[in-house]
Amino acid sequence: MSGAALGLEIVFVFFLALFLLHRYGDFKKQHRLVIIATLLAWYLCFLIVFILPLDVSTTIYNRCKLAVNSSPAESNGSYVTLAPSKQKCFKPWSYIPDGIMPIFWRVVYWTSQFLTWILLPFMQSYARSGGFSITGKIKTALIENAIYYGTYLLIFGAFLIYVAVNPNFNLQWNQLQTIGIAAANTWGLFLLVLLLGYGLVEIPRSHWNGAKRGYLLMKTYFKAAKLMTEKADAEENLEDIMEEVRKVSESIKYNHPLRKCVDTILKKCPTEYQERMGRNMDDYEDFDERQNSYPSEKSLAKLHKQVIYSVQRHRRTQVQWQILLEQAFYLEDVAKNESSATRQFVHTFHSQEPENKIIQYFYTPTVEWYWECLLRPWFYRVLAVVLATFSVIVVWSECTFFSTKPVLSLFAVFIQLAEKTYNYIYIEMACFLTIFFLSICVYSTVFRIRVFNYYYLASHHQTDAYSLLFSGMLFCRLTPPLCLNFLGLTHMDATISHKNTQPTAYTSIMGSMRVLSFIADGFYIYYPMLVVILCIATYFSLGTRCLNLLGFQQFMGDSEMTSDLIDEGKELIRREKRKRQRQEEGENRRREWKERYGNRDDSTRSRATHTDQKESSFSETSASRPLSKYTRSNGRTERDRIELLQDAEPLDFNADSVNDDPLESDSGR
């Protein structure tokens, strides 16, 4: 099993990252380089989280071997060995051979740093650029990133000057590398504590509120009102942009040098607008025959950028509106079915997507009623209590992990107890649950936050390229300090435990933080305590209240604006529900009509066809017989036709008035 666990986790994490990227990104419409870069960034960050527990168990086993093979008084190089245990060291099932983990961590870490500081920012500007050529997009990306790169070079230069001026340090390559890692981790830790303080409170609270049906329904109404405003704004913005595109398309004709740029812009427009503009085009006039002012290539690039943004935003709001409607209808169905006597879940509308037959077989209406109306609220409450307990443990450990005598960090206590018995499975499970919970608190906040319309991770394939690349940057910057913080909580970091024992392979590639003592002994230890203040602020919704005061409507139960938006959203959902009910009733009537009269119409058509065939055959036979036998009957038919024509009175449309009285018409005749 040597190395098998590492290989299995590498494969599993790849498919996990691919699944999440497929949920948020669009593989068909987005550029392949954007998909590959984002997938690589997510994959490397998730991989660090999943592999780190294996590194911890391998390090504990190596320490055990050193303790058994050495006497208590001996020293092994730079490591002071521990007292030999009476119990023999057993190799863990997930043991990774020596030499593999340092190379693995070095490749993963420096690849993620290259992505977050160089490649992804450049691709972000490249994807958002409105240029029409690769050279133009590269030029725009370089100009936009000049200030970005200059800022971080300035920060790195400040650290470099501090080390160079300090006479206690001899500047070497390893120390220079450590300074760069410390600068990146300091920036990441600053953002990590902010996101962690929000997630530690909001995740348990969201699951607790998930058990309240009335709360979820009111919040859905609130979201509907806000989304309708955003949807209307997106439609209006798209109309304005399309009007500008139409004017540009009409002014720049087929033989203009910039016509190729206009055609590129038209391809990015929705289909209905392309057809509308295509009908109104008149390309028989040469551009040089009209003395008009034509837009420049720079203005067309700006218009191209606006078209891409407006079309993406319009499509996203349309999809989100349909998803929100389904959620609102389902929550209303749950509220209605709670008082059902039959204990079978009844849907107001049938699902528009085909359901899996296996799911339909097991997830029957009765099972759905018991889950949605009885079990799910209690499950969410129990899960919220468990998550809240984890949050309390994390907050306590963040405030006390620097204490080594006595050990106050609960995660360090758990790991040290398991280390005494060398229970590697327990060690790996405890480490995995700890770092997984920390990652959920941080990463879920990254998925939830929204910076106006510039950064927004929308599910159901509605995230734009800029937001995907930005999320990859955040993950690559947050994951290394997250792992260092986890190792500090468990006292596996020698900087925290103050023990000269064998470090983990992940810590060894980070170098000794003693090069910058004010960071190692100050910032890394005391700054995480700020998570207590952030948790209190999140619990009392101080950030939400501040945003509400600034004019950004947030869901608050005691706000008059929230009540107005809930009422507005409720009316919007009711209106959409009536519209869909009318559509389904119309479809049902057409289906019933087709089922009732479809066979009769088919039989009528068949009889009519058969009659026509008989008449045609009869006419053919009558034409072949002598006409003298039927001269008398044909004459009678002709006389009847003449009499009918004489009885019919034609209307005189040229007359001034038309008399509708039948009595007067008879008397006149």
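Positions of Cβ are set from backbone N, Cα and C atoms, glycine also.
So that you can see what the record holds, here are the features copied from TrEMBL:
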TRANSMEM  6-21  transmembrane segment
TRANSMEM  33-52  transmembrane segment
TRANSMEM  103-126  transmembrane segment
TRANSMEM  146-165  transmembrane segment
TRANSMEM  177-201  transmembrane segment
COILED    224-251  coiled coil
TRANSMEM  378-396  transmembrane segment
TRANSMEM  425-446  transmembrane segment
TRANSMEM  466-489  transmembrane segment
TRANSMEM  523-542  transmembrane segment
REGION    576-669  region 'Disordered'
COMPBIAS  582-617  compositional bias 'Basic and acidic residues'
COMPBIAS  618-634  compositional bias 'Polar residues'
COMPBIAS  635-644  compositional bias 'Basic and acidic residues'
COMPBIAS  658-669  compositional bias 'Acidic residues'
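Touching of the transmembrane segment (466-489) and the transmembrane segment (33-52) is concluded from the presence of at least three CB pairs under 8 A, sequence neighbours closer than 6 excluded. Here the coiled coil (224-251) returns a mean pLDDT of 92 for the predicted model. Tertiary proximity for the transmembrane segment (177-201) is limited to same-chain residues at least six positions away from its ends with a CB under 8 Å from its CB atoms, namely 113, 117, 155-156, 159-160, 163, 391, 394-395, 438, 440-442, 444-446, 474, 477-482, 484-485, 510-513, 515-516, 519, 523-524, 527-528, 530-531, 533-535, 537-539, 543.
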